[in-house]
Amino acid sequence: MNHDVFFAASSGDSRFFLNLSESEKHFLEQVTTGGNTVLHVALQYKQFEAAMEIVKLSPSLVYMINSRRNTPLHVAARIGNGSMVKLLVGLFPEQDVETGARQNPLHMLNREGDNALHVAVRHGNIEVVKELITTYASAKLASQTNYAGESALFLAVDRQDYRLASYILETDTDCSFEGRHGMNVLHALVIHTSTYSNKDKSVFKTLKEIDEYKKKKEKARSRSRRLLVITFVWVVNMLFLIRIPKLLDDPSESQDKTQDNDIMRLRTSGTIPTDLVRKVMENREITIDQRDKSGWTPLHIAAHLGNVDFVALLLTVDKLQAYVRNREGLSAFHIAAKEGNCDVMSTLMESCPDIYELLDYRGRNALHTAAESGCWTTIYFLGDMNVFGGLVDEQDDEGNTPSHLAAFNGDASMAEKLGRGGEIVLNATNKEGFTTMDNVLLTSELHSQGVEELWDKGARLSLRGALLKIGIQNLDPRKKTELAGDGDGKSSGDGNGNDEGMSNSDFLKQVREGNMLVATLIATVTFTAAFTVPGGFNQNGKEDGGLAVLSKMTAFRVFLITNTLAFGLSSTSVFVHFLALTTSEEIAFHKKIERRTAFYTNWSIGAMLVAFIAGTYAVVVPHSLGIAVAVLLSCCFLSSLILPVTIKNYGKYV
């Protein structure tokens, strides 16, 4: 595009266009690199007087599109100038449009399939929306959808402009309710009116009860873990003079204080526009139980997000939709149970008292779903109801009770809570012949709490579980067990998580040998380092003769402490391995031992790394600070990788 033409359009120089000669009018046909005509440019820079002069000189520019297929009308709708929209649309006689001589600019679509109304709604320009809907009602723009399937009403709700949405709904009775991904306006309303403030605050009380239920068992372990972390942080502090945080303080007290504050800070912007929702639901063109591409209805989404007010509104229109299941077979009650939205569950049960009996496609009730997802809130909520006794002993299509599924996840505490029915429930076998205790003891999560409580309640191993526990392979060679293999439930070959048909005992043997090898190497290296200290020994025959040269340096003292710690942990790992060989032959016992010794070995590696940092620092820093800093940064980077993983995976064994 000619520089002078572009500058005149962008600056609003109307005289430039008035003074164009006939031979110069071809400049108006030029476009920018983005395909914009001079009319596009004038509108983008909001130079409406210049745009009017351009239209008078070349009316055909109204039909020109840029690289994104936007017409000048799209640009005017985005800018929000209603009078300019009226000018652009009113340029052409109706007979030209009716005869097909020219296309109506109102029906021209951009690259996303948006008409001018879509663009105006996207940018919240209500002046343009009113102009397009009222003046050009015959165009029925509100009934059109773009290439993503979005109507103008859906876009208004999606951007939470409920005033604009109400205007479209009231003015154009033929407007479309459709949205993207198979959704409609109700789906969007549910999503955008759902916030954490919609959740029942009693849920937080339940969570506190759960914390108290586990606090006694976790307090000692938590204290020990903090002490271990403090030891490591102290070492780093000695090297880098970093202030040690107050890790000895019990975080539970501050957590309880901040939890109430968090509740007060929850969003409150999720106010439901009740009038708009009722108008939408009363319209015959919309179906309340419409499913999106994932098979979810608005009620499913409301149950998932804990939007209890919206759930109540939907149920007042049609209670039967509570029994509708999604593609996975989950009803709104199952979904609420999975997410721990107890207020939604209560509302559903008030409208549909028998909904707790509803099963998914795998024959599972809501308690199965909660146990599988590990949702303690739902367990406590249903546990206080009379229906609990009927749900807790139900078996799904695979014969699993809720306690089976909790045990599958390694949560023996939840399995024990679900074993309220006593021995009958806990010792019920599924179709694979396993009881709840089988699933707990044969899973890789052997650190789970509640095993003793399960035993006291009468939970026992089945015959098949007892045989697998001591390392005997699956009795039925036609079936592949997952429990005898790795803990993630994925198996190949013989079902033991390896392709060579390795048994549990063989697999544990390999793990034990690898662990002992690493622990022995660390013990050897640290033992040697204790007598060949960095910097050597004084040999001057004076009082300090035979002492370490660097004994007065802080970094050297850190080296001695961490080197000793690494030697002690690795030696403990070797000793525990040796002791375990003469104690028991049970697979479950040795699995637990391997996890504990792996914990010792992991921390000995970390201590050895810190010892290396301290030793290098003590020797190098007097001569080359740059090299010392480089070594320290490298080792600290490795420490930052090792420490979080070790705490996460093995901190529970401290």
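Using N, Cα and C of the backbone, Cβ positions are placed for all residues, glycine too.
Automated prediction, rather than curation, is the source of TrEMBL annotations.
Among the features that TrEMBL reports, compositional bias 'Basic and acidic residues' is placed at 479-491.
The domain 'PGG' annotation in TrEMBL covers 508-619.
If you look up TrEMBL, you'll see 479-505 marked as region 'Disordered'.
Sequence annotations record features per position, and here TrEMBL assigns repeat 'ANK' to 68-89 (among others). Counting only same-chain residues 6+ beyond the ends of the repeat 'ANK' (68-89), those with a CB under 8 A from a CB of the stretch are 34-35, 37, 39-40, 43-44, 46, 48, 51-52, 55, 61-62, 104-106, 108-111, 114, 116-117, 119-120, 122-123, 125, 127-128, 130-132, 135-136.
Taken through DSSP, the repeat 'ANK' (112-144) splits into 23 helix, 0 strand, 10 coil. The annotation repeat 'ANK' is assigned in TrEMBL to 112-144 (among others).
Annotation comment: TrEMBL describes 294-315 (among others) as repeat 'ANK'. In the predicted model, the repeat 'ANK' (294-315) shows an average pLDDT of 92.
Residues or ranges marked as transmembrane segment by TrEMBL: 227-244 (among others).
Marked as transmembrane segment by TrEMBL: 299-317 (among others).
Under 8 Å from some Cβ of the transmembrane segment (516-537) lie the Cβ atoms of residues 546-550, 556, 559-560, 563-564, 566-567, 570-571, 573-574, 577, 597, 600-601, 604-605, 608, 611, 615-616, 618-619, all in the same chain and six or more residues away from its ends. Residues annotated as transmembrane segment in TrEMBL: 516-537 (among others).
Taken from TrEMBL, the feature transmembrane segment applies to 557-580 (among others).
Look at TrEMBL and you will find 600-619 (among others) tagged as transmembrane segment.
If you look up TrEMBL, you'll see 625-647 (among others) marked as transmembrane segment.
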